[in-house]
Amino acid sequence: MSGPRIGVLALQGDVREHLAALNEAGAEPVSVRRREELDAVEALLIPGGESTAISHLLRELELADPLRARLADGMPAYGSCAGMILLASDIIDAGVQGRAAIPLSGIDMTVRRNAFGRQVNSFEGAVDFDGLDEPVHAVFIRAPWVERIGPGVRVLAEAAGHPVAVRQGRVLATSFHPEVTGDRRIHRLFVDIVRDCA
Ligand code: GLN
């Protein structure tokens, strides 16, 4: 049985790590940089990196509107860190006007960008994750947190008193970076969500 064809938005950030992690989790991952590539995938993973840089490229490549339309149409998605920011419906501290991070509205939530502070404040630790028996070793790098969730949104994990993993239907987001650890449980959860939709 071949795995679901899942795209990794490959504009900036830790693309390679997510391609490898999805592969290990049983999917058939492909890079997405162009409109035709987006049209050809069943689901999309938006990696961590810098949300303003990714947004700038989304504008340049005219991918923001098609991506928002696919999300509105029910495409499964997973965003990690910068990807969580982009999947939000509202972003606090989104960046300077014209260069700000774009809210693609995959999840009805307000996210605060760089909530945990700057790079020096990056940290890691064990976080309980709803549905997983053992905690996840979560790595936070200039991470966002969630400040508001809409009625259909489930909180899967919290840190520092804020949600850091959430799910609304087919869309999943984490503030932390599972791709930098060997643990593939979050990627497998996403692959299962995609399989269930097929
Ligand atoms: N602070 C970054 C941003 O605003 C996110 C950091 C990350 O993805 N590791 O996009």
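Yeah, the Cβs are placed from backbone N, Cα and C, and that goes for glycine too.
R113 is the residue from R112, R113, R170 that TrEMBL records in the L-glutamine site together with G49, E50, S51, I141, R142.
Cβ environment of E50 (L-glutamine binding site): Q12, G13, A82 lie under 8 Å away, each six or more residues apart in the same chain. Taking the mean position of the Cβ atoms of G49, E50, S51, R113, I141, R142 as the L-glutamine site, the remaining residues of that chain whose Cβ falls within 8 Å of it are G13, G48, T52, C81, A82, I85, N114, A143, P144. For the pair formed by H177 (active site, charge relay system) and R113 (L-glutamine binding site), distance between Cα atoms is given as 15 Å, rounded to the nearest Å. Cα separation, S51 (L-glutamine binding site) to C81 (active site, nucleophile), rounded: 9 Å. A sphere of 10 angstroms centred on the C-beta of G49 (L-glutamine binding site) encloses 19 other C-beta atoms. Annotation for C81 (active site, nucleophile): same-chain Cβ neighbours under 8 Å, separated by at least 6 residues, are P47, G48, G49, F140, I141, R142, A143, P144, T174, S175, F176, H177.
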